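Only one structure is covered here, and it is reproduced in the block below.
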């Protein structure tokens, strides 16, 4: 009988290359929020793939970029810390983009890491075959890789092949998480991220990056439902007004869409109560970052 294989895989790449979409598709569950805004992922998120061959534990890390504020520094530190602690690195690049300074920076960083690297060329569905082959050639010369896999996370193209290669590389060993687990994130964090995702989709410019969501209180109802009290923090009064919208229209839209996903997560009906508050320049304030769950010492 074939022995089980289990291990940890870090998914890295510059912002907006599709890392969260890739992880969600690989495990078949939505554990990381998705947006076309760069730097959507802020913490290291764990997603667990359970398969007959064993268990693959994915760490979806923040996109590696040049930080512009204290939160950005924490995000990049979080991404870099995982690289020497895992069994495998999936370095995700975007087939629709030319390699640039971000890829050069990451490739240089990987030279000092002994962990095996799979180069995953994502978004192959967005380019022609000729252009895709050109990008594969360009990216393949930038980093020492053990496997090179062109995929489309959005269309689920070549993901089964990627899974097979991942399990072939993982060490033999027992399951790290109970069978059936798909993430280590608490429900409160999942709910907060679902709300933040809807804010990202509904806003533009600086507002998406200026928002933090905290679940303040959960209360069960006599009929078995749940009341969820959440606060959306932003940095300026002008942003607060935009987030609320005319007559509360934008906040209502965010709440309606987030409620549907939270109900699917909890398996029960919920009443979602959203508040918007200003916490001036919170991304630059270590005390506020710690209270929001961001910390340089985060694993």
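From the backbone N, Cα and C atoms, a Cβ is placed for every residue, glycine too.
Between the stretches 110-113, 114-117, 118-121, 122-125, Swiss-Prot puts its region 'G4' entry on 122-125. Looking at the stretches 48-51, 52-55, 56-59, 60-63, the one that Swiss-Prot records under the feature region 'G3' is 60-63. Among the residue ranges 34-38, 39-43, 64-68, the one that Swiss-Prot annotates as region 'G2' is 39-43.
From the options 5-12, 13-20, the stretch Swiss-Prot describes as region 'G1' is 13-20. Taken together, the residues of the region 'G4' (122-125) have an average pLDDT of 98.
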